[in-house]
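Chemist: The structure that follows is given in the form of structure tokens.
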Amino acid sequence: MATSAIEPPQSTTVSRRAALLRDTFVKLNPQIMLHNPVMFVVEVGTMVTLWLTVTAQSAASREYDGIVTAILFLTVVFATFAEAYAESRGRAQAEFLRRSRASARARLLQPDGSWTWVEGALLRHGMRIRVEAGDTVAGDGVVLDGVGAMDESAITGESASVIKAPGDSVTGGTVLLSDYLTVEITTDPGNTFLDRMIALVEGAARQKTPNEIALSALLGVLTLIFLLVVVTLGPIAQYYGRHAVNTTTLVALLVCLIPTTIGALLSAIGIAGMNRVAKINVVAKSGRAVEASGDIDTLILDKTGTITIGNRMATEFIPVPGVPVETLAEASWIASLADTTPEGRSVVALAASLLSPRVLHERPGEPIPFSAQTRMSGIDLADGRHIRKGAVRAIAHLVDQAPPELEAAAERVARDGGTPLAVAVDRQALGIIRLKDIVKPGLKERFAEFRAMGIRTVMATGDNRITAEVIAREAGVDDVLAEVDPEGKLALIQHEQAAGKLVAMTGDGTNDAPALAQADVGLAMNIGTMAAKEAGNMVDLDSNPTKLLDVIEVGKQLLITRGALTTFSIANDVAKYFAIVPAMFAAVPILHGLSALNIMGLKTPQGAILSALIFNALIIPALIPFAVKGVRYRPQSADRLLLRNIFNWGILGVLIPFLGIWGIDHILGLFGLA
Amino acid sequence: MTVSTVVTWLVVIGGLLVLLKPMGTYLYKVFTFQPTVLDRPMKPLENGIFRLLHVSRDSNMSAVEYGVAFVLTNMVWGIMAYTLLRIQGLLPFNPEHFGNLNARLSFNTAASFVTNTNWQAYSGENTMSYFSQFAVLQFLQFVTPASGAAVGLAFVRGISGRQLGNFFVDLTLVLTRVLLPLAVIFGLIFMALGVPETLAPYLHLKTLTGQIQIVPRGPIAGWEAIEHLGQNGGGFTNANSANPLENPSALTNIFQSIAMGLVPVAFFYMFGLFTGRKRFAWTLIAVAGTLFLTMLAMIYFPEAAGNPIVNALGLSGHANMVGKELRFGMGGTAIFETSTMAFTTGSVAAANDSFLPIPGLAFFLGMFLNMVFGGKGVGLLNMLMFVILTIFLMGLMVGRTPEFLGKKIEAKEVSLTAVAFLLHPLLILVGSAIAVATPAGMAGVFNPGPHGLSEILYGFTSAAANNGSAMGGLGASLPFYEVALGIVVILGRYASIVAMLLVGESLLHKKAVPETSGTMRTDTPLFWGVLLGSIIILNALTFFPIMALGPLAEHYLLMTHHLFT
């Protein structure tokens with residue numbers, strides 16, 4: 001699995017912890033903190049209470065101010081830790097990637113054909129380099145000449161090597177295992193996939209997505225409202241006397257009310273979202289693309305390789321009348337033994353499952369390979385028998401007299417969306433092998449889930465209508481477009497977009513590039529051409545088109561996590577009011593009645609305020625796992641998702657803090673603080 | 001609950017429910033320029049006005065143009081009103097020879113009436129000539145609710161994918177097709193039920209004791225009609241609808257309650273027709289309706305149970321009738337008060353100062369929310385503001401960029417909506433804080449304990465919500481309050497309306513996203529609950545501390561039978 005490749009070695013773990021700790025404190029710099037208004041307010045509040053602690057009149061009030069200051073400081077540290085932690089997870093991946101880049105030197109080709117060593121960093125778009133066995137490719141490019149086996153494990157984590165031939169793209173950081181290649185560089189340094197991936201997982205290149213900006217704006221205004229509530233509460237409470245409220249308590253109330261939970265975790269959620277994309281071996285060119293994938297309405301999928309496993313499989317033997325099915329199966333088995341194509345292997349497997357092992361013994365003979373002229377293959381056995389399998393028309397030509405049942409069976413197979421393959425022995429037709437496209441396992445259920453989420457799946461294929469519709473029905477896609485060329489795909493995307501829909505698609509060929517560029521989310525395959533990879537806004541390093549479905553889930557999970565933690569953060573405030581408001585006016589005799597609002601039965605006013613503040617701080621690290629992993633997500637309709645999340649984060653968000661604050665108050669009581 | 005209470009409530013609530021659909025449909029037809037019954041009599045008049053203003057019926061404005069037209073027109077009215085009040089003594093129809101108003105009171109009154117607030121720092125019968133009542137104040141009672149409704153219409157048009165329309169056309173049509181005809185009908189009803197309508201001088205009657213009693217009268221029936229139909233709330237006399245000449249019987253009380261709610265409730269239904277989402281409109285009506293019933297219960301039941309201190313003296317078994325009118329009973333008073341707070345009218349049928357703290361809390365609730373149907377157009381605007389905030393907060397949890405009526409809500413809409421939401425607490429909290437912190441503000445507090453604080457909070461809340469009712473017990477005619485509340489009513493009216501108008505236009509220019517099962521539905525019982533919950537939590541978080549210091553503190557003191565001497 002891919003993740004194993006980017007797991008950090010043990011030796012760096014210690015330095016990574018140190019970096020995490022350092023970053024946690026570096027981020028406390030108010031100038032950096034200013035980017036996060038919610039936590040900035042907490043930091044300023046900490047300074048205010050610190051000042052109050054220093055200038056406190058009595059020992060008792062100094063102790064109280066001091067404890068509040070400490071909790072506030074912890075709250076800020078928890079927030080910076082959350083962000084630093086999310087970044088450090090990405091950094092581990094980045095370090096590994098960076099190491100493969102660092103060593104890269106390139107043999108730069110001169111016009112006269114000779115080459116000189118240059119640093120990989122000096123390579124520019126359009127330069128040509130020679131890559132020899134054992135070399136690390138120094139930049140992204142296209143193969144101009146030569147064929148060789150490439151080890152791409154540094155990028156994909158996949159250990160199997162890949163053959164690169166002229167026209168194929170190569171990625172910087174991969175290693176050539178055999179032969180040599182001439183490569184034209186297509187990207188400037190700092191802009192290669194490796195660079196992008198590093199920047200992305202480190203969070204450095206992460207720009208706020210539209211949705212994040214909107215949420216930040218709302219959190220900013222909410223903070224402003226609570227600032228207003230607390231700042232005006234001071235003078236308004238002075239209606240009951242000059243010392244009706246304590247400034248430290250007002251700061252505590254403010255910090256409890258402003259959405260610190262989501263404020264502290266918001267950027268961690270975003271960074272972790274990008275990491276999750278990187279984890280499934282997809283390079284996204286921007287966070288915006290990942291987020292947009294959560295909004296996708298229409299999914300345009302290829303048939304071959306995406307919906308089907310890419311190769312046809314034999315599923316049935318249909319003998320002509322008078323021929324036992326075993327005879328057909330045996331002939332097919334013998335004819336296919338030398339056939340190493342997946343189709344040939346599937347015929348062998350199907351026959352073997354039907355026949356008893358006794359008859360399955362290899363017979364000497366001369367295999368006849370498939371050729372485009374004859375459109376058949378087979379074997380000439382030593383015993384003189386000639387077995388052939390191939391296109392029905394070709395076999396019909398070969399045999400003395402093709403029975404009408406052969407044609408009928410072939411037609412039936414074609415009508416069901418399969419491909420018929422005829423088998424003959426010595427000019428006698430035995431029957432038909434049914435070859436079928438096989439839908440990838442689990443896809444049908446997945447499409448059903450997507451339908452529940454409101455995402456329409458459209459299969460677009462160059463195949464004929466009959467084949468396409470059969471597969472479409474089997475896979476359970478919502479719509480099918482047969483016999484489409486790349487222009488047709490582009491038109492389909494534009495048509496969907498005109499109706500306001502967001503479209504996602506995958507592609508690998510150069511002629512897919514316009515459609516990939518037009519789609520809102522275009523996932524290009526790593527094995528694809530450079531043009532396709534440039535046009536898409538994501539590249540799947542595993543070249544698995546089905547990955548698009550995972551990307552969509554990551555996008556949705558990202559939005560849900562933000563919404564859930566925001567809701568939770570706001571819902572928490574209810575309990576904090578019930579803790580703090582009765583406590584903060586406890587010193588005003590005429591307001592003693594407000595103690596009726598102390599429904600948690602918190603023991604002392606001071607303990608109540610501290611408990612609420614401690615809960616507010618502790619909930620941040622408690623929720624880091626949700627921020628980093630994303631809240632649990634199962635594809636469902638919007639209404640069911642809403643109902644579940646409202647309960648989990650809204651209703652429990654109101655109830656949990658009542659329990660938490662009550663519990664903390666009891667623990668504080670043990671230490672004489674409440 | 002007595003039979004008369006049940007019947008009164010059923011008539012008012014049932015009446016509003018029955019009238020909601022025909023009235024909403026009528027409004028929809030008028031503002032989509034479809035033929036209606038009033039075309040024949042009104043079209044020539046309207047065409048004349050449009051020719052005079054050089055506008056055509058189907059012309060359109062941008063949000064900025066519409067907003068500017070709205071604010072400037074209001075400004076002109078405000079300056080006009082201010083000037084006329086300043087020179088009242090020189091003007092005709094002044095049988096009682098009232099003099100000019102001073103600058104501060106003129107500013108406060110002009111600001112209050114031009115914003116549809118109708119906060120009155122004066123007693124009408126001792127201050128205003130018939131000319132001022134009729135040509136200045138009543139004129140504003142027609143045009144200012146009409147201009148508020150026009151802005152609501154523009155917003156509804158924008159979010160339903162239509163051009164915003166023309167402010168002057170909308171303003172004219174609200175007047176000619178809605179307010180004037182309804183005012184005629186209700187004016188006649190009130191006249192028939194005994195409300196005076198005359199330009200004759202006040203009556204000077206010799207009483208049994210031989211004293212002379214002056215009975216103020218005037219063109220009151222027409223005033224009452226538009227006072228309530230336009231959610232204005234400024235009384236002809238100081239006692240407002242508690243005065244038997246303004247609201248003589250339980251029957252007029254019912255009609256006034258219905259008059260307040262008629263158009264605002266229908267506006268919600270009209271919104272459903274405009275957007276083609278009647279189920280969504282019904283969901284909003286259900287949310288506002290739930291809040292309405294909550295307020296009604298919060299007002300009626302504590303009052304009906306009576307004051308615990310009085311009950312403890314053995315005088316139990318009686319409702320808290322202090323400051324209430326016997327002719328309405330507790331049920332009639334409660335429905336009138338709920339209506340006036342929900343629809344932000346601000347007229348009163350009882351002395352708000354004499355209500356117990358929990359009913360007081362309900363008054364605050366209506367004004368904080370400002371969208372329990374609210375004023376026509378403006379109330380819907382506030383409701384949709386909460387809808388947008390709720391959709392954004394909760395909508396993320398379905399894993400899509402939140403959509404409102406098929407349009408994506410992004411940074412611009414969220415920021416503008418959030419700022420519109422922020423303004424209301426800003427005015428209330430900052431205003432109250434300044435009042436408490438300054439001697440000038442504290443000089444107006446006539447009651448000790450939490451109740452005195454409640455009175456300050458009430459004043460600023462009423463001004464910010466453009467409600468206009470007063471709790472009383474506050475020196476509203478002190479210079480501090482005349483100026484401060486004058487400023488608050490103006491900011492409270494215009495700032496948030498303009499912000500929402502910009503939201504409407506921004507949504508209009510967005511491409512609609514098709515709805516799928518992945519879209520959060522806004523027309524389900526689930527959304528009813530989510531919206532209701534969000535509204536309550538957002539407002540509770542904002543206002544809980546001051547409510548704890550005011551009505552809640554008073555409530556707990558009352559429970560412990562605390563008395564102030």
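Placement of Cβ uses the backbone N, Cα and C atoms for every residue, glycine included.
Remember, TrEMBL labels are computer predictions, not curated facts.
Annotation source TrEMBL lists transmembrane segment at A:32-54, A:66-86, A:213-237, A:249-272, A:577-602, A:608-628, A:649-673. Under the heading domain 'P-type ATPase A', TrEMBL lists A:104-202. What TrEMBL lists as active site, 4-aspartylphosphate intermediate is A:Asp302. The annotation ATP binding site is assigned in TrEMBL to A:Asp339, A:Glu343, A:Phe370, A:Ser371, A:Ala372, A:Gln373, A:Thr374, A:Arg375, A:Met376, A:Ser377, A:Lys389. Residues annotated as Mg(2+) binding site in TrEMBL: A:Asp508, A:Asp512.
Let's see these features in context: how buried, what's close, how far.
Modeler: Within the chain, the transmembrane segment (A:32-54) has long-range Cβ neighbours (under 8 A, six or more residues past its boundaries) at 26, 62, 65-66, 68-69, 72-73, 75-76, 79-80, 216, 219-220, 223, 227, 247-248, 251-252, 254-255, 258-260, 262-264, 266-267.
Counted with DSSP, the domain 'P-type ATPase A' (A:104-202) comes out as 17 helix, 38 strand, 44 coil.
Packing against the transmembrane segment (A:213-237) from elsewhere in the chain are residues 37-38, 41, 244-245, 247, 250-251, 253-254, 257-259, 262-263, 266, 562, 566, 570, 585: each is 6 or more residues past its ends and has a CB under 8 Å from a CB in it.
Here the transmembrane segment (A:249-272) has Cβ contacts under 8 Å with residues 36-39, 41-42, 45, 48-49, 68, 72, 75, 78-79, 82-83, 85-87, 89-90, 203, 206, 208-209, 212, 215-216, 219, 222-223, 226-227, 229-230, 233-234, 287, 558, 561-562, 565-566, 568-570, 572-573, 576-577, 580, 583-584, 609, 612-613, 616, 619-620, 623-624, 627-630 of the same chain, all six or more residues outside its ends.
Annotation for A:Asp302 (active site, 4-aspartylphosphate intermediate): same-chain Cβ neighbours under 8 Å, separated by at least 6 residues, are A:Met459, A:Ala460, A:Thr461, A:Thr506, A:Gly507, A:Pro545.
Its own atom aside, the Cβ of A:Asp339 (ATP binding site) has 20 Cβ atoms within 10 angstroms in the protein chains shown.
All protein chains considered, the CB of A:Asp512 (Mg(2+) binding site) has 26 other CB atoms within 10 Å.
Using a Cβ-Cβ cut-off under 8 Å and counting only residues 6 or more beyond its ends in the same chain, the transmembrane segment (A:608-628) has close neighbours at 67-68, 71-72, 74-75, 78-79, 81-82, 85-86, 89, 249, 252-253, 255-256, 260-261, 264-265, 268-269, 272, 561, 564-565, 568, 572, 575-576, 579-580, 582-584, 598, 600, 602, 657, 660-662, 664-665, 668, 673-674.
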Chemist: Measuring CB to CB from A:Lys389 (ATP binding site), give everything in the same chain under 8 Å that is also at least six residues away in sequence.
Modeler: A:Ser332, A:Ala335, A:Ser336, A:Val347, A:Met376, A:Ser377, A:Gly378, A:Ile395, A:Leu421, A:Ala422, A:Val423, A:Ala424, A:Ile433
Chemist: Taking every protein chain in this structure into account, which of the binding-site residues A:Phe370, A:Thr374, A:Met376 has the most other Cβ atoms within 10 Å of its Cβ?
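Modeler: Most Cβ neighbours within 10 Å: A:Met376.
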Chemist: Tell me, how many other CB atoms lie within 10 A of the CB of A:Ala372 (ATP binding site), whichever protein chain they belong to?
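Modeler: I get 5 for this one.
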Chemist: Using a 10 Å radius around its CB, how many other CB atoms surround A:Asp508 (Mg(2+) binding site)?
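Modeler: Taking all protein chains shown, A:Asp508 (Mg(2+) binding site) has 23 Cβ neighbours within 10 Å.
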Chemist: Determine, to the nearest whole angstrom, how far the Cα atom of A:Ala372 (ATP binding site) is from the Cα atom of A:Asp508 (Mg(2+) binding site).
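Modeler: One finds 26 Å between the Cα atoms of these residues.
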Chemist: Find the longest CA to CA distance in the recorded ATP-binding set A:Asp339, A:Glu343, A:Phe370, A:Ser371, A:Ala372, A:Gln373, A:Thr374, A:Arg375, A:Met376, A:Ser377, A:Lys389; express it in Å as a whole number.
Modeler: 19
